[in-house]
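Per TrEMBL, the features are as follows:
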- Cys119: active site, proton donor (ACT_SITE)
- Gln89, Lys157, His186, Gly247, Arg248: FMN binding site (BINDING)
- 30-330: domain 'DUS-like FMN-binding' (DOMAIN)
Amino acid sequence: MSELKQNFFWDEVVEKVQNNHKSKQPFFSMAPMEAVTDTVFRRVVAKAAAPDVYYTEFTNASSMVHPKAKFSVQGRLAVAEDEQQPVAQIWGSRPKEIAGSIEILADMGYQAVDINMGCPDGTVIKNSSGSDLIRHPDLAEKIIVAAQSGSLPVSVKTRLGFYKPEEFREWLPIILRHQVAVLTVHLRSRKEMSKAPAHYEHIDEILAMRDEIAPNTLIQINGDIKTRAQGIALVQEHPGIDGIMIGRGIFENPYAFEKQPRQHTLEESIALLNLQLDLFDEVSETVTTKHFEALKRYFKIYLRGFAHASALRQMLMDTHTTTEVREILTRELAKVYAAVADDKHIYRDNAAASADMALSVNKQK
Ligand SMILES: Cc1cc2nc3c(=O)[nH]c(=O)nc-3n(C[C@H](O)[C@H](O)[C@H](O)COP(=O)(O)O)c2cc1C
């Protein structure tokens, strides 16, 4: 397959972003996040402020090709009809299974695949996958070659190194030599997990490597970037960057990808939470049983920075169904709104300073 067709998906991403701007702009993506970036949350983020690219949670290639296990990954790979097609992220260590899983993805309608070579999780490493591939570049290369024999453009997401960030000088050229469509670099070593600050000081060297070895490969930078504005500032400092990936920033601000940032009302936040509840029910009924407990991690995204927020979250932690959540929201939000003069137009952040009011509202019950 020609390189042109292979990279059609990414060419289109870049073109779409460029069409709206005179100067070079990066594309923005929401990072793949296990147990977070499923079809439900991707659609909520699309409603709040859409990135240019979405990724699935990572999915194990062996499970995809195994006749008995393949149904267990269906939930991860589900894409709604009205949703923008995400990039499928996969992980594994067996080149044959990687190639097989990519054919399955292509049949499902996926247009691009990303291979995880950065996951620090112990179980993934024990399976010679994720960041372990940084220590085993021969296997990493075999995986990339097998993936590229398929019909989808192949990208790789990795870290700077396993033990030390400086390993990137040997590691990244190995990937670049395979002319992957996109190389996403999470600017930390495996050992640093997500604790050390991202190493922006290495960006220029990475871009120079790309220019020399694989000028057509897009470089996407990831790590500690919380908003579109921060991403744009980073690209202004390092104009060779093609894409910016945001992960945990979305937990602090569901509007992280907003082009013209503005304040958002509590009412808007609650509408996002309600959308999440509705889509959770829809997917549970039509695709795969979703575990209610997993929903609880999202409450803090929407219910923060206003009076009563933490008390309200506390109440929601004791719920067991979406119906219970909706009941509590209806009851408690009426009190929150009644307690502030400006009714539903209280702002998430503005109201944060009066967080103590949460307790007083609660005590008035
Ligand atoms: C809850 C969670 C789940 C994650 N799952 C994945 C994953 O499935 N695949 C992956 O490549 N990275 C995963 N990551 C890493 C993120 O994609 C990203 O590289 C990391 O969070 C650094 O970016 P940030 O500082 O913008 O959050 C995960 C991170 C978090 C916080």
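Here the Cβ of each residue, glycine as well, is placed from N, Cα and C on the backbone.
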Cys119 (active site, proton donor) versus Gln89 (FMN binding site) - Cα distance in angstrom: 12
The residue listed as 'active site, proton donor' and Gly247 (FMN binding site), distance between Cα atoms, whole Å: 14
For FMN, whose listed binding residues are Gln89, Lys157, His186, Gly247, Arg248, the greatest C-alpha pairwise distance in Å: 17
Structural state of His186 (FMN binding site), classified by DSSP into three states: strand
DSSP three-state assignment for Gln89 (FMN binding site): strand
Mean of pLDDT values spanning the domain 'DUS-like FMN-binding' (30-330): 95
Cys119 (active site, proton donor) and His186 (FMN binding site), Cα-Cα, nearest whole angstrom: 10
Spatial separation of the residue listed as 'active site, proton donor' from Arg248 (FMN binding site) - C-alpha basis, Å: 15
DSSP three-state assignment (helix, strand or coil) for Lys157 (FMN binding site): strand
